[in-house]
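The active site annotation in TrEMBL covers Y404. For D444, the entry in TrEMBL reads active site, proton donor/acceptor. Annotation comment: TrEMBL describes H542 as active site, proton acceptor. The compositional bias 'Basic and acidic residues' feature in TrEMBL is assigned to 192-204. Taken from TrEMBL, the feature domain 'Endonuclease/exonuclease/phosphatase' covers 292-542. Feature annotation from TrEMBL assigns region 'Disordered' to 187-230. The site 'Transition state stabilizer' annotation in TrEMBL covers N446. Annotated site 'Important for catalytic activity' per TrEMBL: D516, in sequence order. Taken from TrEMBL, the feature site 'Interaction with DNA substrate' applies to H542.
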Amino acid sequence: MNKVLQFGLHSSKYVSIFELFAVLSLCSSSVKFRALGQNQTSFNKRLMSNATTPFSINNNTKGKEMMKVAAATDHNCHQMVGSKDDQKEIEAMTVQELRATLRQAYAPFLCYCFGNLDYLTYLSFTTSYGQQFTSRMESLRLAIDSLFVKSYESSGAEIKETSSSTLSESVTIKRKIRNKEEFSSEAYGNEDGERRVKQSTEKKLKAKVSSKSEHKSLAKTGKKKSRSKEEEALLTISSKVLKTDEIISSSVQSEPWTVLAHKKPEKDWKAYNPKTMRPPPLPEGTKSVKIMTWNVNGLRALLKLESFSALQLAQRENFDVLCLQETKIQVKDVEEVKKALSDGYDHSFWSCSVSKLGYSGTAIISRIKPLSVRYGTGLSGSDHDIEGRIVTTEFDSLYLISTYVPNSGDGLKRLSYRIEEWDRTLSKYIKELEKTKPVVLTGDLNCAHEEIDIYNPAGNKRSAGFTIEERQSFRENFLDKGLVDTFRKQHPGVVGYTYWGYRHGTRKTNKGWRLDYFLVSESIAANVHDSYILPDINGSDHCPIGLILKL
């Protein structure tokens with residue numbers, strides 16, 4: 001039972017808040033416990049003899065100081081409750097004696113609780129010394145209550161010191177947030193980005209909770225105080241920091257690709273941000289060609305969009321050539337679609353599926369007139385040609401191939417066709433073209449080649465586009481045969497996606513795949529000025545990608 005009765009004092013000047021609450025709860029006037037069957041005088045003597053009962057205390061002098069403060073603040077209560085002798089005796093007690101008093105006073109109750117005293121005996125104790133002991137306990141309660149107020153006021157210096165420290169910390173946070181480079185490319189371009197956004201949200205919640213707690217404490221003591229200048233300054237800066245956090249949160253929502261999204265990111269990976277990672281424009285007069293490619297997932301639907309359209313893309317990007325995949329148009333629709341094209345792009349070439357209407361389809365739209373055009377690979381009767389998956393244009397210095405590689409499908413039904421026929425045939429076709437000119441192969445190649453190219457590599461080992469077989473075929477038939485992945489060469493540790501499935505709204509959280517590529521012959525890889533992604537352009541489950549090539 002001694003364990004239950006022991007209380008400790010910290011080394012601070014006043015009793016801790018937790019200790020005071022414990023003592024106050026014992027002193028509640030609603031519970032009237034009585035001393036054992038002795039008169040008041042003998043009771044006090046026995047208490048004084050038990051002052052050596054083991055209690056944890058750090059400094060007896062501090063205990064006496066505490067009681068002096070209690071006695072001074074309790075002066076106004078002398079006439080209200082208890083006799084003068086009782087109050088003087090209480091004020092003269094040390095902390096040890098006070099605790100011994102409480103211990104003895106509550107002994108019957110504790111004995112009863114622990115089964116060492118039957119209820120009838122306990123009841124007789126509680127009816128013997130009612131008024132006398134209640135008066136004494138009320139004096140104790142008021143003395144300690146006034147001490148609690150003193151203890152609260154004394155903590156002001158500590159609060160000010162903490163406020164000053166927090167103020168300095170807030171200023172540092174503000175300066176960091178105002179740093180444009182960290183804001184744009186580091187805070188949201190690496191694996192710490194989400195953690196920092198969460199931390200800013202946690203700071204908001206802590207600020208609100210702290211404010212509510214302060215108001216409640218002041219209401220209890222009846223002494224609501226005006227804020228100091230330091231606190232006002234802290235609140236002003238904190239509000240500005242919170243506003244900046246809101247701006248950052250809004251920016252993350254509108255530009256989710258700036259946050260590194262990957263299930264298993266490596267230490268040096270960063271999120272692709274076209275605003276900060278693209279090189280400056282080429283000097284005026286530099287001969288170059290700007291090519292863009294886009295899986296539009298249905299061209300007719302895209303042209304009807306009231307938001308960003310292919311026509312606006314031409315105005316914004318001013319490309320020379322645009323390659324399209326999955327146009328899903330039929331031969332009879334081509335002329336109507338041509339009328340909707342922007343002025344200046346007078347040369348367009350369309351390959352439509354004839355085996356399945358409204359399926360697949362590729363195109364090349366150019367302001368530069370090509371030397372020649374080819375559809376398919378030239379192997380008549382093969383699925384490669386009847387599904388409208390390849391258009392090739394020949395220019396002065398290169399061949400440009402727009403292709404839509406077959407998806408292996410649900411249940412990987414077309415996996416064997418994809419890796420054993422399609423990839424091998426396309427690889428041989430490219431090698432034939434390279435005998436005369438370098439090749440630029442672009443389009444939806446339906447393969448996330450490496451783990452950096454997909455948000456959840458572990459969960460998609462048997463998903464079409466990320467199977468071991470497809471990735472190996474991609475490497476053996478294209479990269480090992482001399483083609484260069486231009487984006488990965490320019491951005492070796494950068495996570496940039498080009499496809500986000502509609503099903504789970506993954507574009508909002510940037511949980512995507514990189515399926516669209518510009519692969520170029522090794523002989524012209526050094527001429528690539530920029531290989532980039534435009535993740536801000538909607539209208540399809542893919543986004544456009546671009547290539548600027550010096551000629």
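Using the three backbone atoms N, Cα and C, a Cβ is placed for every residue, glycine included.
Each of the recorded positions D444, D516 was scored by other CB atoms within 10 A of its CB, and the lowest score goes to D516.
With respect to the residue listed as 'active site, proton acceptor', the closest of these recorded positions in Cα terms is D516, chosen from Y404, N446, D516. A C-beta separation below 8 Å, combined with a sequence spacing of at least six in one chain, links N446 (site 'Transition state stabilizer') to Y404, V405, P406, N407, S408, A464, G465, E470, L515.
Within the model, the domain 'Endonuclease/exonuclease/phosphatase' (292-542) carries an average pLDDT of 93. Of all Cβ atoms in the shown protein chains, 23 besides its own fall within 10 Å of the Cβ of H542 (active site, proton acceptor). Cα to Cα, D444 (active site, proton donor/acceptor) and D516 (site 'Important for catalytic activity') are separated by 4 Å.
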